[in-house]
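Visitor: What TrEMBL shows for this protein is this:
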TRANSMEM  12-32  transmembrane segment
TRANSMEM  44-71  transmembrane segment
TRANSMEM  92-113  transmembrane segment
TRANSMEM  155-173  transmembrane segment
TRANSMEM  180-202  transmembrane segment
TRANSMEM  232-252  transmembrane segment
TRANSMEM  259-287  transmembrane segment
TRANSMEM  307-333  transmembrane segment
TRANSMEM  349-374  transmembrane segment
TRANSMEM  386-408  transmembrane segment
TRANSMEM  429-451  transmembrane segment
Amino acid sequence: MNIRESSYGYWSSARAFVWVASGACIGIGNIARLPYLMGQYGGWVFLLVYLAALLVMGLPLLVAEWALGRWMRDDIVSGFRRLAEVADTMRWWRLAGVAALIGAAMILSYYSVVAGWSLGYVFRAASGSLVPLAGDGAAATRRFLDLAQDPERSLAWHTLFMVTTCAVVAQGFREGMERAAGYFMPAAFVALVAIVLVAGRYGDTPAAAEYMFVGDPSKLGWRGVLEALQQAFFTLALGFGSMMTLGAYLPASLPLGRLALTVILLDTLFSLLCGLVLLAFVLGAGLKPSPGLGMIFQTLPQALPSGWLGIAIATPFYIVIFVVTLLAAAALLEPLTRYLMESRRLTRVFAATTSAVVVWYLGLGSLLSFSMLAELRLLGQNFFEWMQWLSATLIAPLSGLLLCVLIGHGLPAELARAVAGPREQRWTGLWVFMLSYPARIAVLAILLYALGAFDWLAGLWSA
């Protein structure tokens, strides 16, 4: 039951792994939503609840995914099958790996469409075509819709992004993801800090800080707590097998708890810095912050300074957005690639290419949901919205819940200690307890909230 050696090698260092894992966590969703949620639900109070959720729920789950991946040293489907055999538990646990793979393919399919927009905005920013949008909300919206609703343009950026992601993964986890993260993540942090300093001169940083950190605690409410839980879960890329697959290349000697704390710190810091940049320019221009991707693609372009200064700010910012989306996408493609390598004995290049093509085809439905298939709806939702609902709302929380149940109640104590690894032996009891109760309750609450159960109960209460 001890941790096996990896037949594919290991990450070159703990620092290299931290950069890769941080890149996998820092996605465009957290950058777009966290600052807005802080402003809506009490500022610093929401941030405290969010940080508590990261520590109580996110940290144990992140360690669990890494620890299981390291113990399995396999693709996640075969790994769960082997774990069920060793633990002498029900064989249907392998379905957890299948669900995670399906979820990874689904979320990457529509994530690639959105990431393609960010790549398109890099070129628009560098060419100066965003400069005329300053102060013109209608023009900024039209410019975004011209991209999102044009199937040919969106297809080109979606294809280019998936080709780039495939190229990173096909080179191997060290030559591809590790090298890319080692170069891009430190550079992204430096660029982001520089933009924050510029925002202090040409934006309204005090207003941004007040919006994010100074708030009314009474705004939190039960919905704010659940939004914080949900955001903490999704920002760590849990439930899709990506962290488990990255953990398969971890040496047994590395301390998972310390690595997880570092990744959580970097993820939170990066998101807060991005929030300061976005809100400094948006509020400085007298505009209202908007939730989700609208603040990045529609509100920010009209809030930037005109002339060369707007180009100098927008170009590196959208490059930063593209970099983090690329690394997150590579982490989602890796589980699919590893599965084909193990189950079909394909080379990495062929496995990565096959996985990318499947995801690319699946992404066409999401891409066309903004144009040709916009009116094609099932129960009021288009293809893009169904992909989001099935992957993020259903599969990811269910996978997280299964993980809590498996480690908290399904593994014998000796096997749980073996999975935790030699550096975490003294913390195994606490880790299992956290997954058994606080983390499991939190993930169950996230699932019920996403399915509308709490809104239904609130409606009954107020009726």
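Every residue gets a Cβ built from N, Cα and C, even glycine.
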Visitor: Can you name the far-off residues of the same chain, 6+ from the ends of the transmembrane segment (259-287), with a Cβ under 8 Å from a Cβ of it?
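Guide: For the transmembrane segment (259-287), the list is 14, 17-18, 21-22, 25-26, 30-31, 34-35, 38-39, 51, 54-55, 58-59, 62-63, 66, 135, 137, 188-189, 192-193, 195-196, 199-200, 202-205, 207-209, 211-212, 235-236, 295-296, 299-300, 302-304, 313, 317, 320, 324.
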Visitor: I'm a bit unsure how to read this: which one of 180-202, 232-252, 307-333, 349-374, 386-408 has the highest number of Cβ pairs shorter than 8 Å with the transmembrane segment (12-32)?
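Guide: Per the Cβ under 8 Å count, 307-333.
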Visitor: Taking the transmembrane segment (232-252) as reference, which of 44-71, 92-113, 180-202, 386-408 has the most Cβ pairs under 8 angstroms?
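Guide: Looking only at 44-71, 92-113, 180-202, 386-408, the most contacts with the transmembrane segment (232-252) come from 44-71.
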Visitor: Check for me, if you would, whether the transmembrane segment (307-333) reaches the transmembrane segment (44-71) - at least 3 Cβ pairs under 8 Å, residues 6 or more apart in sequence.
Guide: no
Visitor: Near the transmembrane segment (180-202), which same-chain residues lie under 8 Å Cβ to Cβ, leaving out any that are not at least 6 residues past its ends?
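Guide: Residues 16, 19-20, 22-23, 168, 208, 270, 273-274, 276-277, 280-281, 284, 305, 309, 312-313, 316-317, 319-320, 323-324, 326-327, 330.
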Visitor: Of the listed stretches (92-113, 386-408, 429-451), which one yields the highest count of Cβ-Cβ distances below 8 Å with the transmembrane segment (349-374)?
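Guide: By Cβ pairs under 8 Å, 92-113 leads among 92-113, 386-408, 429-451.
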